[in-house]
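What TrEMBL records for this protein:
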- 43-295: domain 'G-protein coupled receptors family 1 profile' (DOMAIN)
- 27-50: transmembrane segment (TRANSMEM)
- 62-89: transmembrane segment (TRANSMEM)
- 101-122: transmembrane segment (TRANSMEM)
- 142-165: transmembrane segment (TRANSMEM)
- 198-227: transmembrane segment (TRANSMEM)
- 239-262: transmembrane segment (TRANSMEM)
- 274-295: transmembrane segment (TRANSMEM)
Amino acid sequence: MFNSNNSYVAPQSFILNGIPGLETVHVWISLPLFTMYIMSLVGNLGLVYLIHHEEALHRPMYCFLAMLSLTDLLTCTTTLLNALCIFWFDLKKINFNACLVQMFFVHGFTGVESGVLMLMALDRYVAICYPLRYATILTNPIIAKAGLATFLRGMLLMIPFPFLVKRLPFCQDNIISHTYCDHMSVVKLSCASIKINVIYGLIVVLLIGVFDISCISVSYTMILQAVISLSSSAARQKAFSTCTAHISAIIITYVPALFTFFTHRFGGHTIPPSLHIIVANLYLLLPPTLNPIVYGVKTKQIRDSVIKFFQGQKIGS
C-alpha cells in the first residue's frame with residue numbers, strides 16, 4: 001500500500017480468499033471440516049475429563065496426553081472458526097493486527113504440539129528402558145516443568161514472526177489465498193525481500209521440528225533395542241503395544257506438516273494451491289480428530305475408563 005509520499009505502509013486488512021478454484025463448493029468442503037471439529041471437541045474434552053477424574057489415569061503418560069489434547073484443541077480452534085466464517089458467511093476480511101495475532105498462535109501452538117509429542121516419546125523411553133525408576137524419574141514437578149518449558153519454547157520462538165512481518169512493505173495485493181494467516185502466505189504478498197523471514201523460519205524449524213524429530217527417533221531407536229533384547233515374546237508384544245498409539249499420533253501430525261512445509265518453500269507451481277490449502281487445514285484438524293480415537297482404541301486404561309464412565313452414567317440415571 002502507498003501513502004501520499006510514495007512510501008510503504010502496512011495494509012489495514014487482508015482478504016482471506018479461502019480455497020482458490022473451489023469457491024463454488026466452499027459450503028460442501030465446510031461440512032466434513034465442521035464434523036471433524038465437533039469430533040475433536042468431544043474427543044479431546046472427553047479425554048481431558050477422564051484423565052482429570054479417573055485416578056487410574058493419573059500417570060505421566062496421560063498427563064502428557066492431556067497436554068496434547070488441549071494443545072490440539074487450541075490449534076484447530078484458532079483456524080477453523082475463521083475458515084467456517086469464510087465458507088458460510090463469506091466473511092473474508094481480517095484486520096492486519098488480528099492476522100498477525102492468529103499467525104502467532106497458529107505457529108505457537110503447533111510448536112507446542114511438536115514438543116509434547118517429543119515429551120511423550122521420552123516418557124515411553126523411560127517406561128520401557130527404566131521401568132523400575134519410572135515413577136521416581138517422571139515425578140509431578142518434573143512433568144509440570146517439562147510441560148511449561150515446552151510451552152514457553154513454542155511461544156517465545158514465535159514472537160519475532162509478527163514483528164518480522166510488520167516491518168515488510170505491502171504494495172498493492174492484500175489477498176491471501178488461504179483460510180487462515182500462515183506466515184509464508186502473508187510474507188509472499190510483500191514487495192520487498194523476505195530473506196530474513198525465510199531464514200528465521202528455517203531456524204525455528206531446526207530448533208523445534210528437527211530437534212523434536214531427532215529426539216523422538218533416538219528415543220524409539222533405544223526403545224527398539226530394549227524391546228528386542230527381551231526374552232519373552234509376550235513381553236515384547238506388550239512393550240510394542242504401549243507405543244503404537246504414540247507412533248500413530250506422530251505420523252498423523254508430522255506427515256501433513258512436512259508436506260505443508262516443503263510445498264511452501266520448494267513446491268513452486270508444481271502443487272495446486274487448492275491441494276496445498278486443503279492439506280494445510282487437515283494438518284491442523286487431523287491430529288485433534290484422530291488422536292482421541294487412536295488412544296481410545298489402542299490404550300486399555302482409557303477404554304476401561306470410558307466403559308466405567310458410561311456404566312456409571314447408566315446406573316445413575
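One is the number of the first residue shown, and numbering goes on along the chain from there.
Glycine is no exception: its Cβ is also placed from the backbone N, Cα and C atoms.
These figures come from a predicted structure and were not determined experimentally.
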Beyond the flanks of the transmembrane segment (27-50) by at least 6 residues, Cβ under 8 Å: 19, 57, 65-66, 69-70, 72-73, 76-77, 80, 83-84, 87-88, 278, 281, 285-286, 288-289, 291-293, 295-296, 302, 305-306, 309
Contact ranking winner - 142-165, 198-227, 239-262, 274-295 against the transmembrane segment (62-89), Cβ under 8 Å: 274-295
Range from 142-165, 198-227, 274-295 with most C-beta pairs under 8 A to the transmembrane segment (239-262): 274-295
Segment confidence, the domain 'G-protein coupled receptors family 1 profile' (43-295), expressed as mean pLDDT: 91
Beyond the flanks of the transmembrane segment (274-295) by at least 6 residues, Cβ under 8 Å: 18-22, 29, 33, 36-37, 39-40, 43-44, 46-47, 65, 68-69, 72-73, 75-76, 79-80, 83, 106, 110, 113, 177-179, 182, 245, 248-249, 252-253, 256-257, 259-260, 263-264, 267, 302
